[in-house]
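Everything on this sheet refers to the single structure shown next.
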Number of protein chains: 2
Amino acid sequence: IEQNAYNDKEHSSSSRAAGMNGNGPSKFVDPLEDPLPGVGTYEDFNTIDWVREKTKDRDRHREITNKSKLSTVALLHSISDAFSGWLLMLLVGLMSGALAGGIDIAAHWLTDMKEGVCLIGFWFNHEHCCWTSNETTFKERDQCPQWQSWAELITGTSEGPFAYIMNYLMYIFWALLFAFLAVTLVRAFAPYACGSGIPEIKTILSGFIIRGYLGKWTLIIKTITLVLAVSSGLSLGKEGPLVHVACCCANILCHLFTKYRKNEAKRREVLSAAAAVGVSVAFGAPIGGVLFSLEEVSYYFPLKTLWRSFFAALVAAFTLRSINPFGNSRLVLFYVEFHAPWHMLELAPFILLGIFGGLWGALFIRANIAWCRRRKTTRLGHYPVMEVLVVTALTAVVAYPNSYTRMSGAELISELFNDCSLLDSSQLCGYKPVSPANTSETGVGNSLADRPAGEGLYTALWQLALALVFKIMVTVITFGMKVPSGLFIPSMAVGAIAGRLLGVGMEQLAYYHHDWFLFKGWCSPGADCITPGLYAMVGAAACLGGVTRMTVSLVVIMFELTGGLEYIVPLMAATMTSKWVADAFGREGIYEAHIRLNGYPFLEPKEEFEHSSLTVDVMRPRRSDPALAVLTQEGMTVEEVEALVESTRYSGFPVVVSQESQRLVGFVFRRDLLISIDNARKRQEGVVGASQVVFTEHAPAHAADAPPPLRLRGILDLSPFTVTDHTPMDITVDIFRKLGLRQCLVTHNGRLLGIITKKDILKHMAQIANRDPDSILFN
Amino acid sequence: IEQNAYNDKEHSSSSRAAGMNGNGPSKFVDPLEDPLPGVGTYEDFNTIDWVREKTKDRDRHREITNKSKLSTVALLHSISDAFSGWLLMLLVGLMSGALAGGIDIAAHWLTDMKEGVCLIGFWFNHEHCCWTSNETTFKERDQCPQWQSWAELITGTSEGPFAYIMNYLMYIFWALLFAFLAVTLVRAFAPYACGSGIPEIKTILSGFIIRGYLGKWTLIIKTITLVLAVSSGLSLGKEGPLVHVACCCANILCHLFTKYRKNEAKRREVLSAAAAVGVSVAFGAPIGGVLFSLEEVSYYFPLKTLWRSFFAALVAAFTLRSINPFGNSRLVLFYVEFHAPWHMLELAPFILLGIFGGLWGALFIRANIAWCRRRKTTRLGHYPVMEVLVVTALTAVVAYPNSYTRMSGAELISELFNDCSLLDSSQLCGYKPVSPANTSETGVGNSLADRPAGEGLYTALWQLALALVFKIMVTVITFGMKVPSGLFIPSMAVGAIAGRLLGVGMEQLAYYHHDWFLFKGWCSPGADCITPGLYAMVGAAACLGGVTRMTVSLVVIMFELTGGLEYIVPLMAATMTSKWVADAFGREGIYEAHIRLNGYPFLEPKEEFEHSSLTVDVMRPRRSDPALAVLTQEGMTVEEVEALVESTRYSGFPVVVSQESQRLVGFVFRRDLLISIDNARKRQEGVVGASQVVFTEHAPAHAADAPPPLRLRGILDLSPFTVTDHTPMDITVDIFRKLGLRQCLVTHNGRLLGIITKKDILKHMAQIANRDPDSILFN
């Protein structure tokens, strides 16, 4: 018999058509014809129901596939629909790559503008200006007569204290101007354009709705103000905001395709890919970008998205390369090439850097969150423009005299990562020339051998130490101001400085004590045994890891910078240590901390729910509360339903067979219910307040004089999720996370008992962690 | 009131202790004390319940955390427990790396043994033998007097047809010997050691139990026979089996830690990481390995596993490198360095290679599955030893005369990937010397410039073409024999040959027609515009992609081989095309096809469920079937329960309030029920056949003369998953996949209606795809 049932191919459809126990066609009958506009959509600052969205998409897809068998046009439609995802990815990659290139070029130009101007055309930056000049040699490629500092231009001389002060003042003036423009543009046109955007994007990707956050105004203003903010010399980077920019591009381009415009879940797949694109263009690391999206920002990341993200990240990286904003045909932001392998003993200083990174991360998060909370709660928050101007002025005044703080963060990191060759003229490579005696000892003159530090290097070390203290302090108050501000570059800069200092220290130690038992055997004179640049890189990774708690993606990004598997082990040792140390002080990364500060409903997918509560402890209503507000499938009038909806603020209502049995039939959303009733009252003949609301398939017989019933089975979700009251909360949390639920009904022995929402879970978690449960603001 | 409930921190625990509606402490009260041995475990060839396993682990963790506050010993235990995962990963990495190194060395030695022997010690392979000799120059490093071919050793001369035949026969002899040893060892000691193992590992990772598949015997025998099979010259690779070997290591090492030994879900996390380790040591590509595990084999891959896999993959790669089996300090199997960039127009041949790869993939899967099905159903399957010997003899006889089939697959690929420099003496680089006129035309003599093909190259091309045809045919019958056999290397070899042929063709076309409008501008004489090695690589990726349908991980593995982001675009274009073309012929990769052939219960996580059925169409019982077998929470006697269990073959039974109401209370597993009843009858006083079985918390009053009731609430799962009958199947399938369910109960308006299991879903899917639903063999 069973076999027959299977072989009967019509069985499944017939049983559905015939219905079960009198219940007929479900809500999924004709998905493409939305009966009423607005039904099935969400309000601003609300959480989406992933299951509903995915079902909608599958129904849509099924519809198109079925139609495609009927006509050629429909077939073409079906094919174009299948490839629209790839096309969208291509467009996102191209647009983001182009924007990132533009931002790079503009920021470079404006940054140079603070120091001087090009006489042959003000639109040339310093480097381009001197390219056109034939008089420059390779070594002095940044010194040419066409480029004049402001003092030179105004007073005619670039020497002397007066010219220095002149340049100093012009530097501060431009910095203030850029910062003022940035903050006023943000305030006037797109308040969402401030900050790094990653906390909000994480929240949006987890299924929250913030209208306008990824809109065109945000895109335009963020792009412009990002350039201004970076150029103003503030301690911030463009990497985080580039993720936001890429997500804005993706969101806007989604409007070109119905499939993505109308479906919140599908759109989030595209946004996940866009996050990968953002990191890809920020660092020139497509694989790292994809892993960043997977590890750090995404919530729902099916394999299809993995593949598409990778495609988009590559397109973006190659678009950026063909724009060639750095003028060196390199894909990556910091191209590093190390020549010496590292020794096992060096793991000790690397782990030390990891500990430093972890401590810095924990400290930074605490200090920054405390400062941001103060900004939110005190009068400080009322003067954002003034705050930005004061911080900019402070930064400019302190930064100018020190060449390591005056240069942009990316330049600083690039210089710190660099391995000194003999030709290098940088101050950091100010080693004493090697005495011939030492060289002859090993027979081979190694041009990269460790050398004793000279005066130039000692000066550089002092400047770096001061720069470290300054960067640490100013970054805390900068991140979170009302300008676009990324955190990657400042964090990396702090780590790179610390790493370089330690690296040079190790190098000198090894040089002067090369016969210590520790250094014996691998640090003979004339050998290149310590690479300070590698220490800088490890330090940068450790500090970034401490702040963001990224692990794999961070190591892969760094791997893509160097291109050598050799250096993965130091990077990994440092990031692992950094994460563990930072986790000991608090398990949240900076983005999660900001999400919590803003009260967004974000259910962290990484952390396990450890407490042993049961669902019955978390669900509503509590035992002392009034009973759950439910609708019955028949017997309630429109007026009664409206009264019930009015008297509560719930987003949805369970529908039961009867108040006595409390057996669950389905779930109906408040928004859908209100829209439907409203529409029926306006359009449907005879629907008045006394009309019965009917959720059953067949309307019950009604008296001839009674008004016709309002049938609402169409908006009833016949497959609500349920758990039993005895389900441990860890399982319930898992279900919420993995399926992306907004709410779930709780039953006991088959009877409806209560409801549990994402907000309830978050409040419960906050309570367990001894935090204020009311800090969760949204549904 | 609500606020009070939150602030009352005791609220949640008190409400649990007091119980709800008379139900008290749940099954999660004391998880560490397993009341009965066997309860909560699984039978062989059954599917695990992920949720149950994960809950068990969380309870265990909670217990340890709570105890850690009490004493220092417990605190240390808690810390060691937290770090045991990392320690285990370290051990897995070390052991797998060491084993892979041993396999490499042994296979190299045995492969050379087929050709000759080293006089200064038979344990040296050809290369090592000649290293010790001082007489060899760099160019002839593989020719030295210490190494003698068999003919030389026996007859004293290596010249002439007689010596050739002698060597030929010895080659066949050794090949047959190795193959015979391999197949008999597999048959005698570990039948699970055959094949690549990846289909089974995929199934195991998805939550299936195959006892002994990852045991110590499988490990030992697979390691030995893998060496023998590879050395026998059969068209197979060691990459797939290395994944199996790594998983065996992980499974065995899991026994050292209670946390992993006792928990099927936790163990699968380790196995996922081990799969990454396997690929990492196979190709020297740790990042690619992690992505392979994520994309291709894993089912449940939380972020914690991502990070740990990466760690283990790195440890393994570095262990392998320190063993240095290839003697070149390289991590990667095929180290490639290309010098010339590719041109946009070359995308056309790359896409052509993608189409070839896709066609090959589709063809190979069809042919191989047809052959394997024939093996299963006809008498062929009764003579596995004979089959292996015949195929080996065939391979050896045909392969020997052609140098490209005689060499091992890895060597072949390595040679095909290689970019010809002027110094290369390989036949593939048999170009004519460039005429000085051409060189002077460009001014600079490019040592890698395209040159006209010489006689050597033409011979090589013919041999390659023959090798291609041979490889295509022999691989189809080789994969699936009763020896360990991987598919990566043969597939890549096929693609590499095709790619190299096309590449050389393109090169010659460009050389002779450099003034065609297509080549104009980028292919001037004396320029190195076409790199045949790159074509070989792209072809290899395309063919491997066609067979396995890997995408991102494949591109990343290839990226790690070359180390240059430059070549990602060609690789990606080819793998994408290959996947699309192959998917057009059938959406299954070779591993999924083998899983289906074997009837394993594997729910593909990648594919969407497209059909529009409802859960009610798939659940049991069907409408014409007898009602669902349920237990009532009280009122049934032990005899009745036993009779019900005996009369059915179900793995579990729902427990309802009463037969009339059909309101669901919980779910009890058959195995747990039988063990508990059995145990009670043996040990518990007074439990006889007439005793009542009680699932409620409080036993009902019973007459003084009646036997005492058997209380079984302890084994009752009070939180079974339920869906409504109207739930669309795509949602139900999603729930099964994401939560890793084994079964789910189906309700209608709060009443229990049926049950749906993973097997039911798979049968339904088979039926939709017009396959035999009875091909799903296991639960």
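Placed from the backbone N, Cα and C atoms, the Cβ positions cover glycine too.
Under the heading domain 'CBS', TrEMBL lists B:619-683, B:715-773. Annotated region 'Disordered' per TrEMBL: B:1-30, in sequence order. Residues or ranges marked as transmembrane segment by TrEMBL: B:86-107, B:168-190, B:210-230, B:242-258, B:270-294, B:347-369, B:381-400, B:460-481, B:493-514, B:534-559.
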* Structure fact -> For the transmembrane segment (B:381-400), the candidate among B:210-230, B:347-369, B:460-481, B:493-514 having the most Cβ pairs under 8 Å is B:460-481
* Asked: With pairs closer than 6 in sequence left out, are the transmembrane segment (B:534-559) and the transmembrane segment (B:86-107) joined by 3 or more CB pairs under 8 Å?
  -> no
* Chain residues outside the transmembrane segment (B:168-190) and at least six past its termini with a C-beta under 8 angstroms from it -> 110, 113-115, 150-151, 215, 217-218, 220-222, 224-225, 228-229, 231-234, 384-385, 388-389, 392-393, 395-397, 400-401, 406, 481-484
* Structure fact -> Most Cβ pairs under 8 Å to the transmembrane segment (B:347-369), of B:210-230, B:242-258, B:270-294, B:534-559, goes to B:534-559
* Asked: Do you know the DSSP helix, strand and coil residue counts for the domain 'CBS' (B:619-683)?
  -> 24 helix, 16 strand, 25 coil
* Asked: What same-chain residues lie close to the transmembrane segment (B:242-258): Cβ under 8 Å, and 6 or more beyond its ends?
  -> 84, 87-88, 91-92, 95-96, 99-100, 103, 196-198, 201, 204, 214-216, 218-219, 222-223, 226, 267, 270-271, 273-275, 277-279, 281-282, 297, 316, 484, 486
* Across the domain 'CBS' (B:715-773), what does the pLDDT come to on average, as a whole number? -> 90
* **the domain 'CBS' (B:715-773): DSSP-derived helix, strand, coil residue counts** => 24 helix, 18 strand, 17 coil
* So what's near the transmembrane segment (B:270-294) in sequence-distant terms, Cβ-Cβ under 8 Å and 6+ beyond its ends? -> 85, 88-89, 92-93, 96-97, 100, 201, 204-205, 214, 238-239, 242-247, 249-251, 253-254, 260, 300-301, 305-306, 308-310, 312-314, 316-317, 320-321, 330-333, 488, 550, 552-554, 556-561
